[in-house]
Amino acid sequence: MSGETLPGTPGADERRIVLHVDMDCFYASCERLRDPELADEPLVVGMGYDADETHGAVATASYEAREFGVESAQPISTALELLPRRDEERLDDGDADAGYYRPVDLEFYEEIADRVREVLHDCADVVREVSIDEAYLDVTGRTSWQTVDGDSRTLAEGFARHVRERIDREVGVPASVGVAPNMSTAKVASDHDKPDGLVVVEPGEVQQFLAPLPVESVHGVGPVTARELGELGIETAGDLAAADPTELRNRFGERGRELYDRARGYDDREVTPTGRPKSLSRESAFVEATDETDAKREKVRALAADVAERARRRGAMYRTIGVKVVTPPFDVNTRARSLSGPVDDPDLVESVALDLLAEFADDEVRKLGVRVSKLSFAAEEQASLDGWEGSKPAQTSEGNASRSDDAAEVTETTGDLRQWLDADEHDDAAAADSGPGRQRNGQASLGEFE
Ligand code: TTP
Ligand code: MG
């Protein structure tokens, strides 16, 4: 089937089913996963924070801690004034007005995020990951806007509930999900009833849903824009939808028009899959520099197996295998070997990496890394035969860096990450959608969030 849209069919977007999944207080939920004692407690996760100290800033706070006024990007010292730190040494410290504080452990959160991604990819044909805890799914081919007899709820709602439950069951962290016929409305919907929310906006209800919401709810409107809009008497999404688009464009440029469209619930962006990495790498440091051959070889073996496994999971073949060897004080040596054609061969990754390591057999080593590059990907899944799917452009492009892969790069990495990443050939195409303030390693930077 060609799957073409019939001529004159209004708004193909009306039929689309887009899910936006955003994990609830994500870093805090990860901390709770490994320490169930933190469940239901006020919990603050601090960036640049060390146990018992007062420096750093809030990365996130559990919903219980938010009740005290603690919020992202606040200095830890301010959070401590609002919510004193619980004395965890004292077993009887049952002070209801005290909270737990934990430092950010991005490596662990990335592992959890990877497991969530696996569920999402299993649930949808197209997944666009936009940050460590957020993704859009196009599930048009998997469910429908229809209702079943005797139930006013759509099949899409049941599907979204199933996605949320799978994340909870298989990973153990809570998510909020928004369902709508387009991306920007799905995003607003996922945020509408956090935490543990499920908000479904059916095609005929988009404008009605958006209209009463404060204008800050429109995706892309931060506090600064909201203030400027307020000066024009625009307080709600409905006000924005009713405003004069020419005036908005004069005041805010092209963005004004875009925000106007979003407030009206018009957004024809396709959910495009997160781009592909150009290389995959993993590295790991020794606790202390070592010249022991066995220790070095053992680490390289583990890294090689890990990288090869990730490549296989992503359907990637590689033509170049490389190692990175960091010797004291901080000398970074990279060596690589190219093959005659692309392979998916974990044994070869190991043997080539060990071979390249041999040059450093007598050297003291601080850190080791393994990388596969010159990646190519097997053909994409065939378009499904249900007609609508087939109308989408084939997704066969290669070469965009993905946030998820950047994130994955970080997983086993400490210290001089940049050098290895810089050596990797990433492009930034996918990063443009990652939202303000999100650095490409999945950790948000402070002060940049609108
Ligand atoms: P968010 O999804 O914005 O926040 P959240 O998941 O903590 O809470 P919510 O339930 O409202 O979605 O960001 C995801 C993670 O990114 C968050 O857990 C920690 C990190 N982050 C920062 O490090 N700094 C910040 O300023 C923000 C907003 C987030
Ligand atoms: Mg979140």
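The backbone N, Cα and C atoms fix where each Cβ goes, glycine too.
Features as listed in TrEMBL:
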type     : residues      : note
BINDING  : Asp22, Asp133 : Mg(2+) binding site
SITE     : Tyr27         : site 'Substrate discrimination'
ACT_SITE : Glu134        : active site
REGION   : 267-292       : region 'Disordered'
REGION   : 382-450       : region 'Disordered'
COMPBIAS : 393-402       : compositional bias 'Polar residues'
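Its Cβ taken as reference, Asp22 (Mg(2+) binding site) is surrounded by 21 other Cβ atoms within 10 Å in the chains shown. For the region 'Disordered' (267-292), the DSSP-based tally of helix, strand and coil residues reads 0 helix, 12 strand, 14 coil. Taking the Cα atom of each, Glu134 (active site) and Asp22 (Mg(2+) binding site) are about 4 angstrom apart. Sequence-distant neighbours of Tyr27 (site 'Substrate discrimination'): residues of the same chain at least 6 apart with a C-beta under 8 Å from its C-beta are Val45, Ala59, Thr60, Val104, Tyr109.
A Cβ distance below 6 Å to any atom of ligand 2 is met, among the recorded positions Asp22, Tyr27, Asp133, by Asp22, Asp133. In the three-state DSSP classification, Tyr27 (site 'Substrate discrimination') falls within a helix. Once Cβ contacts within 10 Å are tallied over all protein chains shown, the recorded positions Asp133, Glu134 are led by Asp133. Classification of Asp133 (Mg(2+) binding site) by DSSP places it in coil, neither helical nor stranded.
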